[in-house]
Amino acid sequence: MNFVEELRWRGMIHDIMPGTEEHLNKGMTSAYVGIDPTADSLHIGHLVGVMMLRHFQRAGHRPIALIGGATGMIGDPSMKSAERVLLDEATLRHNQDCIKQQLAKFLDFDSDAPNAAKLVNNYDWMKDYSFLGFIRDIGKHITVNYMMAKDSVKKRLSAESSTGLSFTEFSYQLLQGYDYLYLYRNEGCRLQMGGSDQWGNITTGTELIRRKDGGEAFALTCPLITKADGGKFGKTESGNIWLDPARTSPYAFYQFWLNVSDADAEKYIKIFTGLNQDEIAELASRQAEAPHLRPLQKRLAEEITVMVHSREAYDAAVEASEILFGKSTTEQLRKLDEATLLDVFAGVPQYHVERSRIATGISLVDLLADATDIFPSKGELRKTVKAGGVSLNKEKVADAEQTVGEDDLLSDRYLLAQKGKKSYYLIIVE
C-alpha cells in the first residue's frame, strides 16, 4: 500500500493535486508540513499533520517539519477571525527546541537512512531578506487578484468580519509560498501537506514554483478534525490538550481519548494511531458487540498516550483512573504526583483547613463535621462510620475518634475523604 492509499483509507485526504500519487510512486521524495511555534508545546490539533509526516516516512519518503519562526511572527489569516499576538525571536527559538523534542517521538531524525526526518525554521532564510528584495523577487510573480481569490482572505474581508485584514497577514501567503520555493530548491521538496484550510496557501507555493522555476510541485490536505456532536476537536473546558506533561498531565491526556464518543473513536483511531486496517476492523467489531466495554476508546487512549508520553505514564494513568472509578488502595493513591492527584479529583468538592489544626492532630469527627461540613453533624458521621461508609485516603475508617495528622497527608497537603462508594471530598491543608 502506498502513502496516498494509506491516507485514503484512514480518512486523511481532503484535497490532493492531480499527479501527486503518480509522482510519489516514482521513488523517494520530500514533503513538508508547517508547524506554528507560538507555544512551547504541540497540542493534539497539530497531531494530524505530524501523523501525515509519520506515515510519509514509514512509506520510505523523507519528512520535513518546518517551524514557522518567520511566519509565526506574523500570523496566518486562514480561518482565523482576528490578528494574533506577535512573538520575539528568543521565545520562538525556545519553542522550536521544545517542539523538536516532541516531534522526535513520532519521526526518526537520527537515522543514517536517506529518508531521515529534518527540522527547518523559515526564520533562517527569511531573516536577511530585505523587503525590497522580497517584493521584487517574489511579489511580482503573484497577482493581487490571485491572492484576493483565496477563501481565507475573502472571509476576513467580508462584512461578517469586523477586524478586517492587515497587510502583514495579507502577505502571509507570499511568505508561505516562498517557503515552498526555498525547500523545492534546497531540499528537493515536491509536496506540501496541511489542513484543508491551508489549501490556498499551499497552492500559492506550487504556483510560485511554476512561475519562478518552471517546476512542478504538489499539494495534499487533510480534513479539519471535528467531533460527531459538532464541537471543536482538541478543546476541553480548561483549554487545549497539550503534549507537554507540564501543561496537560498524562492522566488528563489519557482521559481525553478514553472519553471520546463511539463515532469519534472509530474515526480517531485511524488518524492518530499506526494500527492497521485489520486491527481496527477487529476492534470496531468488538465495539459493536459490546459498546459498554469501549475497546476502541481504550486502545486509542493506550496507543496515543504511550506514543506521546511512555508506557510507564500510560500505566500510571490507568492506575489513577482506577482510584476514582474502581477499586484501589492507599498505596496507589500515595503514588500519585500532585498534578495527577488534582486532575483525578478536579471535579470533587474541595475544603480548606489550616495546617495548624492538622499539625497538632485532629480527630476524624472534628475534621469532617467541624473543620469541614462534609457531614452535617458528628452524630451523622459516627453513624456512617459504624455502617462502614467512611474512608480516608482510600482506607475504611473504623473509629470516628481516630487522629488525623501530617503523616496522613498526600503530597504533604491533601486528604481524600470518601462518603459511601462514590462521594469524594478533597481537603486541602494550608
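Here the Cβ of each residue, glycine as well, is placed from N, Cα and C on the backbone.
Among the residue ranges 37-46, 157-166, 187-196, 387-396, the one that Swiss-Prot annotates as motif ''HIGH' region' is 37-46. Checked against Swiss-Prot, the range among 137-141, 232-236, 417-421 recorded as motif ''KMSKS' region' is 232-236. Under DSSP, the residues of the domain 'S4 RNA-binding' (362-430) split into helix, strand and coil as follows: 20 helix, 23 strand, 26 coil. Within its own chain, the motif ''HIGH' region' (37-46) has Cβ neighbours under 8 Å at 67-69, 72, 84-85, 87, 92, 94-96, 98-99, 102-103, 225, 233-234, 240-244, 247, 256, 272, counting only residues six or more beyond its boundaries.
Within the group of binding-site residues (Y32, Y172), the Cβ with the highest number of other Cβ atoms inside 10 Å belongs to Y32. If one looks beyond the motif ''KMSKS' region' (232-236) by at least 6 residues along the same chain, the residues whose Cβ comes under 8 Å of a Cβ in the stretch are 43-45, 225-226, 256. Under DSSP, the residues of the motif ''KMSKS' region' (232-236) split into helix, strand and coil as follows: 0 helix, 3 strand, 2 coil. Other C-beta atoms found within 10 angstroms of the C-beta of Q176 (L-tyrosine binding site) number 27, with every protein chain shown included. Secondary structure at Y32 (L-tyrosine binding site), as computed by DSSP, is strand.
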